[in-house]
Amino acid sequence: MTETDTWHWDQPQIHALFELPLPELLFRAQEVHRRHFNPGQVQACTLVSIKTGACAEDCTYCSQSARYDTGLEREALIDVETVREAAQRARASGATRLCMGAAWRGPKDRDLETLVAMVRAVKAEGLEACLSAGLLAEGQAERLAEAGLDYFNHNLDTSPSYYDQVVTTRSYEQRLQTLERIRDAGMRVCCGGIVGLGEARADRVEMLATLANLPVPPQSVPINRLIPIPGTPLEAAEPVDPFEIVRTIAATRLVLPRSYVRLAAGREQMSDELQALCLSAGANSLFLGERLLTTDNPDADADHRLLHRLGMTLEPRTHSCAELEP
């Protein structure tokens, strides 16, 4: 099989990747990874919550849903100066991108001016700017793009087949429509999913097929490991076999060869050895900082120590800007 930018991946092909002996799968993933990226470098992003809790959505995994008693305190939209200070700390830690997350169904037009100012503040600090703020209405993507927003994050979470077991307050089609609006506005897409929602391997395969066959592949693909939150419907979810996480990372690398594959939420529960295996499988991006919105993350010093032990370095800012254009 020859890898091309226009390759169409069907589900049986992706399933066959998952079924490979792990050494063979890792070999193929690393081979593809080296064609497009420096295997000794990792992109670093920092995630900050700009509006916390009281979300109207019913995502069964989320601590921020107003429908579940998780003990999370609601916080209003923070001010621009707080975002600027977060960007300065992120840059000092080695991050090249600040990702801002807001617990909304979608931004209201009245909040757009504040979001625009936040984007400009991040850009003024020399970082790429990413925003995760739910569904985008018509015209909102264009305003954010004009402000200089590099990325908008909107995950698919899981497969179309399993989706209604996870979320019922927004449809899969609405998510795909938001991705289309992001692309049409000229921004890059950050879109991935979650492993451990109770889905089967077939759902992970279907999700990757959906991502790989979008009109333009997402330039950034976060793969999250579920962190069960007390009070949510998934508080007692069974953990996924760690090797299945590695297989998911490797398959993602193979079907999305030019995308940054981010080892996102759930690293705090991973051993250094498992994280190293995921990096060997093709993950080349992570979040720096001890918090991911409302959950724990390894602190930056621990990540720097791990990368040093692995002989790896953080990717410099100039390389991060050279990602595949939409």
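The chain as shown is numbered from 1 upward.
Just so it is clear, glycine is given a Cβ too, placed from its N, Cα and C backbone atoms.
According to Swiss-Prot, the domain 'Radical SAM core' annotation covers 40-264.
Annotation for Cys62 ([4Fe-4S] cluster binding site): spatial neighbours Cys55, Tyr68, Ile229, Thr232, criterion Cβ-Cβ under 8 Å with sequence separation of six or more. Per Swiss-Prot, the feature [4Fe-4S] cluster binding site maps to Cys55, Cys59, Cys62; the stated evidence is sequence analysis.
The secondary structure of Cys99 ([2Fe-2S] cluster binding site), as reduced to three states from DSSP, is extended strand. All protein chains shown were included, and the count of other CB atoms within 10 Å of the CB of Cys99 ([2Fe-2S] cluster binding site) stands at 28. The [2Fe-2S] cluster binding site annotation in Swiss-Prot covers Cys99, Cys130, Cys190, Arg262.
The most densely surrounded of the binding-site residues Cys55, Cys59, Cys130, Cys190, judged by C-beta neighbours within 10 angstroms, is Cys190. For Arg262 ([2Fe-2S] cluster binding site), the same-chain residues lying six or more positions away in sequence with a CB closer than 8 A to its CB are Gln43, Cys45, Gly192, Ser220, Val221, Pro222, Ile223, Ala283, Ser285, Leu286, Phe287. Neighbouring residues of the recorded [4Fe-4S] cluster site, listed in sequence order and excluding Cys55, Cys59, Cys62, comprise Glu57, Asp58, Tyr61, Ser63, Gln64, Ser65, Ala103 (Cβ within 8 Å of the Cβ centroid).
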